[in-house]
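Swiss-Prot annotations:
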type	residues	note
COMPBIAS	37-51	compositional bias 'Basic and acidic residues'
COMPBIAS	79-99	compositional bias 'Basic and acidic residues'
DOMAIN	115-273	domain 'Cupin type-1 1'
DOMAIN	332-494	domain 'Cupin type-1 2'
CARBOHYD	Asn363	N-linked glycosylation site
CARBOHYD	Asn444	N-linked glycosylation site
REGION	37-123	region 'Disordered'
REGION	315-337	region 'Disordered'
REGION	503-533	region 'Disordered'
SIGNAL	1-30	signal peptide
Amino acid sequence: MGKMRVRFPTLVLVLGIVFLMAVSIGIAYGEKDVLKSHERPEEREQEEWQPRRQRPQSRREEREQEQEQGSPSYPRRQSGYERRQYHERSEQREEREQEQQQGSPSYSRRQRNPYHFSSQRFQTLYKNRNGKIRVLERFDQRTNRLENLQNYRIVEFQSKPNTLILPKHSDADYVLVVLNGRATITIVNPDRRQAYNLEYGDALRIPAGSTSYILNPDDNQKLRVVKLAIPINNPGYFYDFYPSSTKDQQSYFSGFSRNTLEATFNTRYEEIQRIILGNEDEQEYEEQRRGQEQSDQDEGVIVIVSKKQIQKLTKHAQSSSGKDKPSDSGPFNLRSNEPIYSNKYGNFYEITPDRNPQVQDLNISLTYIKINEGALLLPHYNSKAIYVVVVDEGEGNYELVGIRDQQRQQDEQEEKEEEVIRYSARLSEGDIFVIPAGYPISINASSNLRLLGFGINADENQRNFLAGSKDNVIRQLDRAVNELTFPGSAEDIERLIKNQQQSYFANGQPQQQQQQQSEKEGRRGRRGSSLPF
């Protein structure tokens, strides 16, 4: 019992010493952490970064990190959606600037313009030093208001002098128009081959499934062709099938099996590969021999053609029918007949389905409009046709009037209804815009403006002008109806309607601006006449 009494104080002493040691160790570690937290930021960041450098970040981790930081850690390529958003914001900014410059009040809701497609909205399909082929994005991608155009696409290709676009066929009907230079187009069918010479303003239909190739025989001018494509298999999508293999495109023969090819050509596969498909090893050797630069220039679907080959390809080609009755297969010129509307401010040419058998079954019309600098194509609308318009040359702007969706009106019953919407945009070469049926439109040319139009659902379409002395539907309203329709008196309405003596095209400057311009020129003339010399 005495021994237990002696050991108990000793045990308590030992436990106390252990407790003090534990507390001392905890304090020491705490001081170490405090010292570590006061290290230089560079050293701490470097220490924290070391483990991350052991493996590269994934694209997902990089995007998440950029979102957390608020800005990307390095410049990255914009996606197609981001580019579209950027262009839409640019167009909206241009519209606001345009309204401020014009100084006119806007009675329309502020909307982005889904009917205008800048030239930047084309997607390149093929490109090399000899030319390029590109296609406009689908019309219905931007708005469901253009759903009826989902099976129509715009294709453009450009090629340098003395070049050839290799033979191909497509699962789409084409209606093409030459907008610059000259072309020789050969269409091949099972029983015949026909070549046509096309010049500026000539149009031609290439039926779906027909093998064709396009030559630029000119020594100086570039060739520019715009095509309206109407896909057959899948609405809005079409494909080109090439018999030859290039760096841009595989031959459709390469899709068949070895046994099928040998049975088809009754020849060994090695021979077929050498003649048609091409041997990859030989192609690589040929590229090295000629040099990579020359290879990049010649390889592809657009190739250089010699003078001798051009003479053979153009020898038996037929030209446009001119003012004769259009044939079932040959080219026709959009300006071969007299314009349907014409005055000193512009000309309007049109080929309707009933006047040309090539576009009759497609229910398509073609228009070519020339608006002189400073002139205005008066407001009008189409009764049935939807027009896809290509800006061939020049600059200007247009105003398109639409109506707000009925669904939006229901959702906004408590708001003041502003049903009329004005879509406007500046136009430059290569732009595309759509004119829906029934939507009034006017086009103003700031320089000589040339427009090519494809009319969809064009049979029995009627163009109704809203101003001018001829074909003016407002002018045909009864006098009594005018009094009931407009706030002005019948006399005022009649005087206003008859005030515009021009038809179809007119001076784009308001009368007040014309008077101010005349007064400025008069004052300038008087000052000039008073000079001492």
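In case you wondered, yes, glycine gets a Cβ from its N, Cα and C as well.
Proximity of Asn363 (N-linked glycosylation site) to non-local residues of its own chain (separation of 6 or more, Cβ distance below 8 Å) is seen for Pro353, Ile456, Asn457, Ala458, Asp459, given in sequence order. The secondary structure of Asn444 (N-linked glycosylation site), as reduced to three states from DSSP, is extended strand. In the three-state DSSP classification, Asn363 (N-linked glycosylation site) falls within coil. Across all of the domain 'Cupin type-1 2' (332-494), the predicted model scores a mean pLDDT of 91. Listed in sequence order, the residues of the same chain lying 6 or more apart from Asn444 (N-linked glycosylation site) and placing their CB within less than 8 Å of its CB are Ile371, Ala375, Leu376, Leu377, Gly396, Asn397, Tyr398, Gly508.
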